[in-house]
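Per Swiss-Prot, these features apply:
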DOMAIN    26-191  domain 'FAD-binding PCMH-type'
ACT_SITE  Arg170  active site
ACT_SITE  Cys218  active site, proton donor
ACT_SITE  Glu288  active site
Amino acid sequence: MKYSIPMKIPNQYQTNCLLKEITTFGIGGPAKYFVEVRTIPDMQKTLLFCYQNEIPYFILGKGSNSLFDDRGFNGLVIANRIDCLEKNEKGCWHVGAGYSFSLLGSQTARQGWEGLEFASGIPGSVGGAIFMNAGANGRETADNLISVDFVDEQGKLIHFKRSNLNFQYRTSPFQNIKGAIVSATFQLNASQEARQKQLSIIDYRKKTQPYKAKSAGCVFRNPNCGHAGALIEQAGLKETKIGGAAVSSVHANFIINSGLATSQDVLALIRLIQETVKAKTGAELESEIRYVPYDVNQG
């Protein structure tokens, strides 16, 4: 696909931005175009621009849970930097989709509000957490969500009430809608125990996960028959390597970039894990990492 972006795009953009430098996996070639969007009106203009000019785009939050192709991305990567934060005395928090989900979890707990403690340590944005319905410790992002503001592919701003959205385990309706989550509102409850819960969660996460390694977070959804990490370990795959990609020695549901890993290394390791776990345990593991091909029109 050959195209160029005229200068009327609402934000200053970069060309050939290395995606490995802005993702937690540390993998990915250059994006043909890259832009940071900091306001909802600019997101509306940017998505409408892409729609009118038939330019493929990818919405990026904090760069976790995404695996870009080694060749990069033949389109526009839109980094969501909408990071507003407002709250009232009743525990209603309105937050931009580009805000750190981990920071939101620690801030709310520190101020005595319960409901998002589990977010502490999850390396993604609020928008990404809603998109994937991220969760841990028996809680999910959707549990305390009351509304989501979304910009569709034609730049229209839509307000969704939680009651009209169908969330399931690690899935949201936004995975099937073109556009971008731009903000959300959470209803939290006052709790004197919130801070201690949050500190316990982050302490446990640091001890049981490869906290500082280059990874995209948990690779597989937990199947009905058990925890993905335990099944992978049961299959004898802990520390298995393909190229620079390796199954973590700390937590088997993490693939880490142990060196100069490529996207193909990671994809090959994912397939190996799925095939081996299926053969040895009968369980089918479904990846929750979003692989982004170079050309989205070819897959």
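For all residues, glycine too, the Cβ spot is worked out from N, Cα and C.
Most buried of the active-site residues Arg170, Cys218, Glu288, judged by other Cβ atoms within 10 Å, is Cys218. In this structure, Cys218 (active site, proton donor) is part of a beta strand by DSSP.
Taking the C-alpha positions, the distance from Glu288 (active site) to Arg170 (active site) comes to 8 Å. For Arg170 (active site) paired with Cys218 (active site, proton donor), the C-alpha to C-alpha distance reads 11 Å. According to its DSSP assignment, Glu288 (active site) is coil. Averaged over the domain 'FAD-binding PCMH-type' (26-191), the predicted model has a pLDDT of 96.
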